[in-house]
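Asker: Mind having a look at this structure? Questions to follow.
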Amino acid sequence: MSTIIDIHAREILDSRGNPTVEVDVTLESGAFGRAAVPSGASTGAHEAVEKRDGDKSRYMGKGVLEAVAAVNGEIAEMLVGFDATEQVGIDRTMIEMDGTPNKGRLGANAILGVSLAVAKAAAEFTNQPLFRYVGGSSARVLPVPMMNIINGGEHADNPIDIQEFMIMPVAAQNVREAIRMGSEVFHTLKKELAAGGFNTGIGDEGGFAPNISSTREALDYILRSIEKAGYKPGEDIYLALDCASTEYFKGGKYEMKGEGKSLTSAENVDYLAALCADYPIISIEDGCAEDDWEGWKLLTDKLGAKVQLVGDDLFVTNPKRLEQGIKAGVANSMLVKVNQIGSLTETLMAVDMAHRARYTNVMSHRSGETEDATIADLAVATNCGQIKTGSLSRSDRLAKYNQLIRIEEMLGEVAEYAGRSILKV
């Protein structure tokens, strides 16, 4: 009854109007799973390959018909007849079919779409929500949201070098309250920016994208908004940054054009340390570039005992890259993006490896998202305690927050909000 009888993919659009892959999986019992694959703007060089057609006459070369054809042809022919509850076997079969180290032949977007849709169909077959099917009976921790309320870098058309300025409402009693706190700060920030003469247009992830050129000015606006919303910075709500520094690491220097700075690795570490000394920043993602291992070591030695140092481009949710980082003693946290590695099984392996090394995990969206809320379920399934899924606007971001509210309600009294447990200080 849990046998796969049909796999069908189609080309749909993501939140930036670019094509992406959506996959439907149907089982003999009638159980059904659907998954849409996200896409990143700032992508790591070591990520699995997102297959694009390259046909400039369609979607400016960004079509995904080849990935769709791979699902509807080769992958479907192989997997129809498989038991959907055999997730590991299904994922391994697709990886072996692809035969490349980076899923470049079939495309990570093809493989991941099938992988997640299979898990959803199996969850429906077993009459369980996805978080329970993947995480088992111990899945009960609701994550602290990292809410991206000012966008810069590749996510916005403004001069800010740092890509994301986030708030983390650790003092909330539950995820509903955390989302409310974030919403109140977001709307207060809008008023503050407007009063300062800045535009309040939003970036890819729903945060504001004002023409602020200084990192400190952006942080000051956020602190003021937290206070005016009735909360205490560094007590109720902390700050987090995603530098996405690979994007401005050129010729061995950190070229921060908005700030007018050209920094060596050591100077970049000092720059970040000074920000942490002056502001209640508890998490920095990609503070150094993906291949600046020396810089990462300096950063970890300087800040690792008191600040969460998240590897995104550094680790790309890849167990091999993570193992290299653990051995080198760099970073202390991994950002988890399912499409960076390209299958549910490999994602869970990487999360487990990080957990065993006492690294934290942060479940994450991509800048190109859809209404698919799978990552909310995966955040709870893995008990990772943190989720990064954008701001308090755009339905593609709110879909994940709303799903967390539903999951918390479903869990009832056994639900736990991670809250202050994530703090390193």
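For all residues, glycine too, the Cβ spot is worked out from N, Cα and C.
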Asker: Hey, Swiss-Prot has Mg(2+) bound by Asp242, Asp312. Any idea which of Glu217, Glu267, Glu285 it lists too?
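Answerer: Of Glu217, Glu267, Glu285, Glu285 joins Asp242, Asp312 in the Mg(2+) site that Swiss-Prot records.
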Asker: Looking at the (2R)-2-phosphoglycerate binding annotation from Swiss-Prot, with Lys337, Arg366, Ser367, Lys388 already listed, which candidate in Gln163, Gln173, Gln403 is the matching residue?
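Answerer: Answer, per Swiss-Prot ((2R)-2-phosphoglycerate site with Lys337, Arg366, Ser367, Lys388), from Gln163, Gln173, Gln403: Gln163.
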Asker: Can you name the binding-site residues among Asp242, Glu285, Asp312 whose CA is within 10 A of the CA of Arg366 ((2R)-2-phosphoglycerate binding site)?
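Answerer: So the list is empty; none.
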Asker: Across all protein chains in the structure, which of the binding-site residues Gln163, Ser367 has the highest Cβ count within 10 Å?
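Answerer: That would be Gln163, with the highest Cβ count within 10 Å.
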Asker: For Glu285 (Mg(2+) binding site), what is the secondary structure state per DSSP, taken as helix, strand or coil?
Answerer: strand
Asker: Return only the integer: C-alpha distance in Å from Gln163 ((2R)-2-phosphoglycerate binding site) to Asp242 (Mg(2+) binding site).
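Answerer: That separation, Cα to Cα, works out to 6 Å.
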Asker: Including all protein chains shown, what's the count of other C-beta atoms within 10 A of the C-beta of Asp312 (Mg(2+) binding site)?
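Answerer: Around Asp312 (Mg(2+) binding site), other Cβ atoms within 10 Å: 29.
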Asker: Radius 10 Å, atoms counted are CB only; among the recorded positions Glu205, Asp242, Glu285, which position scores highest?
Answerer: Glu205
